[in-house]
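Student: Starting off with a structure, shown below.
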Amino acid sequence: MQANSRAFFLLIAVIAFGLVGYALYLQHVEGLQPCPLCVLQRFAFVGIGVFSLLAALSSATRLLWHGLGMLSGLGGIFVAGYHVSLLLNPKASCGIDPIENWVNALPTAKWLPQVFESDGLCTAPLPPVLGVSIPLWSLIWMVILALTLVVAMIRRERR
């Protein structure tokens, strides 16, 4: 598949939306409540998905959407990395999280609370998936998607 092609961006969007779908499965079927950092990671995956979908649909503004998708991924890497660091050092987390108040005050938490409302604790122990913590999986996928978009941008610029 050619980087920067319509199919490339559609694949990135499907993966990103699929990961959000899996997060919703974990929340609504398995009963795992998302913490504020989980919700921010959902925003990043949704951003990657939406901007990749827009890049697939519009060749005239593809570069803009591609860049915004990369920025969403890089922001997601930062949030997921911070989340993993909290799990490695749970004493760094305090009981009341000001990020939760901010996330739950966003309009999206009111419009789609089943997707964007935060009720969990960032350091709560979660069952691993295939032996890996859920925040680490999020970081891994965020790196894969962001790096794929960055490499595609570099290849595009070399042409």
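These residue numbers are counts, starting from 1, taken along the chain as shown.
Including glycine, each Cβ sits where the backbone N, Cα and C put it.
Since this is a predicted model, take the numbers as computed values, not measurements.
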Student: Please state whether Swiss-Prot assigns Ser59 and Arg156 to the same topological domain (same side of the membrane).
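Tutor: Same domain label for Ser59 and Arg156.
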Student: Counting other Cβ atoms within 10 Å, pick out the least crowded of the disulfide-bonded residues Cys38, Cys122.
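Tutor: Among the disulfide-bonded residues Cys38, Cys122, the lowest count of other Cβ atoms within 10 Å belongs to Cys122.
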Student: Compute the C-alpha separation of Cys122 (disulfide bond) from Cys35 (disulfide bond), stating it in Å without decimals.
Tutor: 5
Student: I want to check the contact list for Cys35 (disulfide bond): same chain, sequence separation of six or more, C-beta distance under 8 angstroms. What comes out?
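Tutor: The list for Cys35 (disulfide bond) reads His83, Asp97, Glu100, Ser118, Gly120, Leu121, Cys122, Ala124, given in order along the sequence.
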